[in-house]
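Since the structure comes first, as structure tokens, the remarks are kept for the end.
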Amino acid sequence: MHPIVKFVAQRILLGLVLLFAASIMIFAGTQILPGDVAQSILGQSATEQALANLRAELGLNDPLVTRYLDWLTAALQGDLGTALTNGQDIATSMGQRLGNTLFLAGWAALISIPLAITLGLIAVRYAGKWPDKLISAVTLTTVSIPEFLLGYIVMFYFAVQWRLFPSVSTVYDGMPLLDKLNAIALPVMVLVMVVLGHMMRMTRAAILNVMQSAYIETAELKGLRPFTIIRKHAFPNAIAPIVNVVMLNMAYLVVGVVVVEVVFVYPGMGQYLVDHVAKRDVPVVQACGLVFAAVYIGLNMLADVIAILANPRLRHPK
Amino acid sequence: MSDEDELVPVDHVPEGAELLKIRNLKIEATAYPPGEPPQDIVIVDGISLTLPKGRVMGLIGESGAGKSTIGLSAMSYGRGGVRLTQGEVLLNGAEIREAKPGALRRLRGKIVTYVAQSAAASFNPARKLMDQVTETTVSARGVARAEAERRAVALFTKLGLPDPETIGNRYPHQVSGGQLQRVMTAMALCPEPELVIFDEPTTALDVTTQIDVLAAIKDAIRDTGVAALYITHDLAVVAQVADDIMVLKAGKTVEVGTTDQIINNPTEQYTRDLVSVRSIDHEEKAPTADPVLRVEHVTARYSGLKRDVLSNVSVALHPGQTLAVVGESGSGKSTLARVITGLLPPSKGRVTFAGRTLSNELAGRSRDDLRELQMIYQMADVAMNPRQTVRRIIGRPLEFYFGLRGRERDARVDALLDEIELGQGFADRYPAELSGGQKQRVCIARALAADPKVIICDEVTSALDPLVADGILKLLLKLQKEEDVAFLFITHDLATVKAIADSIAVMYQGKVVRYGPKSEVLSPPFDDYTDLLLSSVPEMRLGWLEEVIEHRRMESAGH
């Protein structure tokens, strides 16, 4: 078997093991949350009998392991259970939310990744000179400002002062694409600013690290243009660390958008999670946790696989 | 902008015409000594040379002599912030020292090309060899890709590479070091340059591989009619390829002349020192009845490898003597050291030490086992913690093995520093403040501090200049006499072996092919491999290379 197939299979297997471990942690974590689900559903005035009946109905009296296995097998079949608070099917209501979040994250990624890498390449080309310093200063600033503040700043200028984009990102099914894009313009802007600095700086650092190599001197002694050297000789050897940080930020775009979604009242996963944590709706919290974990692990696994594929020693063994 | 706007037409200088002329070149760099203001230091001072098309000039000197810096000045390149501050560098009559970046780009890699010492590090690991070999030929010489590849294949063939048609499709890690060095030569010749700078192109290779690469380079220079600067610290090597030789010391010219004059009739004392063979006299000691270290029928392999790295190796080391283990890279020399020190448990066989059988595993060895068997490495600077002073480095084994503390320990450190001829002033220095030879001396003192019976020396002089290496070997012999310590000396350098060994084991592909007292091993009749190894050591006379190539019985394994 080609070693690369083995390596990739190992990574995928490892990812599944990790996901399984994460599911245990999520389940265990929600179990030790204070409060009683039955109590929170029926309210303070419920009788002991009513509480006991509801607990039996929800299966809360079964042993922990049984409940975990039931939950996991159902989740594997796509059944994430029903929300305690409104009795709706979680998979259905979450599906739409997840779609919205992925839409937002996808556009943010589509803009931020090429931008970050291009800016990183430019920063390396002019390392230590003013374009490098300018890029570093601007991206560091946007990274350093808390995202809710960034959100309110862009809202103040772009929505209130200049009236270019709406301040509340309402989207609904069947909305035309352009309207949708108009609606999410501001949160996308904030997300890009939040992740750009990290990706750009890591790209710069990874390529600068490669620029120390002897083969870069060979390229210089071939009389190649500085940007050709960076693009053809340095960048291909810096792919692994760059992909890693890109994936980390993509995961953040999906998992970490809670604050931005709340600021812009965007109907995504973050809003959904926050709403149901407040209501102690344990099945929803568990389901969200599981989806977030899957996204996180999946993207990191993808990063590992790309890093393996980018390594010529693994791709072309002796 | 694409690379195509910078086409450099092929416009050959006629043979014998003056191609490179350097006049009174001064090269400076800025040094940043710790705790002091930055200061300018002069690296090369007042160098002048003239090189006509079709001739080869050898630049020779120890490290720090400025050889590479002068070589790179022919493409007006300053490595690591080095500046060409004064003088003239004329290439085909055009001044290039202060030329603009655009003009230099048209020059580098097209009219003047470069072959580096470590081809393994100088090729981009992510791109195929053919792409890299033809890169400037296609982009800047206006040659169609197919034609450039034909040219490259012809060069691969000329340089004696295996599978010249397909080797270009491989990645750098898929070919051996000696082959990579030839591919790099092909890369330098592919754009049809006027001048090629060879910067120690065979230094990192085994002697048996060096000879093939050297012959290939020599033929390629002759057949293409380029001019070449050949940089090396090995006078015997440069004697084989150069028409003229310039001897350099500390950035200044010592002597210039034809190869014949420099080798056979040097006028300066420094050149005579370089030309003269090693001055170590070592009386061979007879084996004793009771060896201190015995390796018995050891077979070992690394996990995941399908073949044995060592098979059925048996050698013995006698107290107070030196056993030299020689062989090319990949022969299993260092693996033998790993088995003896317990880092790699053998699959068969055993190691006995001072009458007792050593545990195969490192974890099963007592503290005395560890103490009495010490090791010195090739790279002295990475074998020391850069954040520790010499006193702490040497003091550590004294604390660990003997529990010495405070003044007692410091007194012993001072005594050891005297023994290695460094003096007590060095105790508070950090490794970065020592020269290569001094670092290796500190490593020797650290090994001695444990009061060992055996020291394994793994290529300890390979990274050092010949004169410095000589000093280290003399020190080791002196210490052997004083402390009665035995050395297991791993090396690929036969001159070193001749200088210090009492007995020799020749290794080839994991087996000991010849073993015995030095005088026997080095006397004919030889087996084929020992013959190859001995005849491959460059000799300082003209025409040696051709003689050897003609007469040898087998070729190297090609590592």
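Note: Cβ is positioned from N, Cα and C throughout, glycine not excepted.
TrEMBL: automatically predicted annotations, no manual curation.
Here TrEMBL flags A:12-33 (among others) as transmembrane segment.
What TrEMBL records for A:98-303 is domain 'ABC transmembrane type-1'.
Residues or ranges marked as transmembrane segment by TrEMBL: A:102-122 (among others).
Summarising the annotation, TrEMBL assigns transmembrane segment to A:134-160 (among others). Listed as Cβ neighbours of the transmembrane segment (A:134-160) (distance under 8 Å, sequence separation of 6 or more from its ends, same chain) are residues 119, 122-123, 166-167, 185-187, 189-191, 193-194, 196-198, 200-201, 204, 259-260, 263-264.
The annotation transmembrane segment is assigned in TrEMBL to A:180-199 (among others).
Through the fold, the transmembrane segment (A:238-264) approaches residues 101-102, 104-105, 108-109, 112-113, 116-117, 120, 147-148, 151-152, 155, 167-169, 186-187, 190-191, 194-195, 198-199, 202-203, 206-207, 209-210, 270-271, 273-274, 292, 295-296, 299-300, 302-303, 306-307, 310-311 of its own chain, all at least 6 residues removed from its boundaries and within a Cβ separation under 8 Å. Per TrEMBL, transmembrane segment is recorded for A:238-264 (among others).
The transmembrane segment annotation in TrEMBL covers A:284-310 (among others). Sequence-distant contacts of the transmembrane segment (A:284-310) (same chain, at least 6 residues past either end, Cβ-Cβ under 8 Å): 4, 7-8, 11-12, 14-15, 18-19, 22-23, 26-27, 29-30, 71, 75, 80-81, 83-85, 90-91, 94, 98, 236, 239-240, 243-244, 246-248, 250-251, 254-255, 269, 272-273, 276-277.
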Distal contacts, the transmembrane segment (A:12-33) - CB-CB under 8 A, six or more residues away: 64, 67-68, 71-72, 75, 280, 282, 285-286, 289-290, 293-294, 297-298, 300-301, 305
